[in-house]
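As given in Swiss-Prot:
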type     : residues                                           : note
ACT_SITE : His9                                               : active site, tele-phosphohistidine intermediate
ACT_SITE : Glu87                                              : active site, proton donor/acceptor
BINDING  : 8-15, 21-22, Arg60, 87-90, Lys98, 114-115, 183-184 : substrate binding site
SITE     : His182                                             : site 'Transition state stabilizer'
Amino acid sequence: MYKLVLIRHGESQWNLENRFTGWHDVDLTDTGREQARNGGRMLKEAGFEFDLAYSSVLTRAIRTLNLVLEEMGQMWLPVERHWRLNERHYGALTGLDKAETAAKHGDEQVKIWRRSFDVPPPDVDESSEHFPAHDPRYRGIDKNVLPKAESLKLTIDRVLPYWHDVIRPSILGGKRVIIAAHGNSLRALVKYLDDMSDAEILDLNIPTGVPLVYDLDADLRPIKREYLGDPEAIKAMMDAVAKQGQAK
């Protein structure tokens, strides 16, 4: 049996401001840092140790992973970062206030942009600061490969090759793995691992800073999946995520 731990980054500044973040690089709030540290403490208390860690190339995921490993006394752990684990790209919505966008376009339209499976938001313009080709961390990557906007389906199409080519072989090779990433890139992995339908994944909300632990069989099929922590507190965090795109 194999174990895999997923953790969504702690609260970021744009989470706090209820803005569409996507690939924009923002750091954690003080609350987010404490969420990450608490996640690390829970993992340590539960006896977890890791051999290898993965994260996106965005600061909020990198910072979360660093704080988790610091609390666990595993700062030395090898870490592989890759853009394929980035958050979903929110296109032209990047930086906009979610509630104000809902008030302007309607709750239903914003829900479709945020939570439908295969409808992306409007593309970001190539002249925008939010087009990834302008960011030095994506230097050397064909700009036609970089997204201008993504649905969850497109996010899954981006994430899964990295899972199959890199992460899965590491786990099957005996590595104990933790992945620090984002709400939608982790939803992509959860949908695949749990064989969830397109409809089922729409109702899945992943809380910030809470370790999600998988027990996997020899073929990496889930035997058990559970969050570490208080169930009522975790449910409240999930509910808060679900309400982010609603007009005030």
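Glycine is treated like the rest: Cβ placed from N, Cα and C.
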Candidate nearest the residue listed as 'active site, proton donor/acceptor' in space, where candidates are the recorded positions Arg8, His9, Glu11, Trp14, Gly183 and distance is Cα-Cα: Gly183
Cβ packing number for Lys98 (substrate binding site), 10 Å threshold: 24
Lowest local Cβ density (other Cβ within 10 Å) among binding-site residues: Gly22, Gly183: Gly183
Minimum Cα separation from His9 (active site, tele-phosphohistidine intermediate), reported as the residue among recorded positions Gly22, Arg88, His182 that achieves it: His182
Arg88 (substrate binding site) to His182 (site 'Transition state stabilizer') - Cα separation in whole Å: 8
Cα within 10 Å of His182 (site 'Transition state stabilizer') - qualifying binding-site residues among Arg8, Trp14, Gly22, Lys98: Arg8, Gly22
Three-class DSSP secondary structure - Arg8 (substrate binding site): strand
Among Arg8, His182, the most crowded of the recorded positions [Cβ within 10 Å]: Arg8
Lowest local Cβ density (other Cβ within 10 Å) among recorded positions: His9, Arg88: Arg88
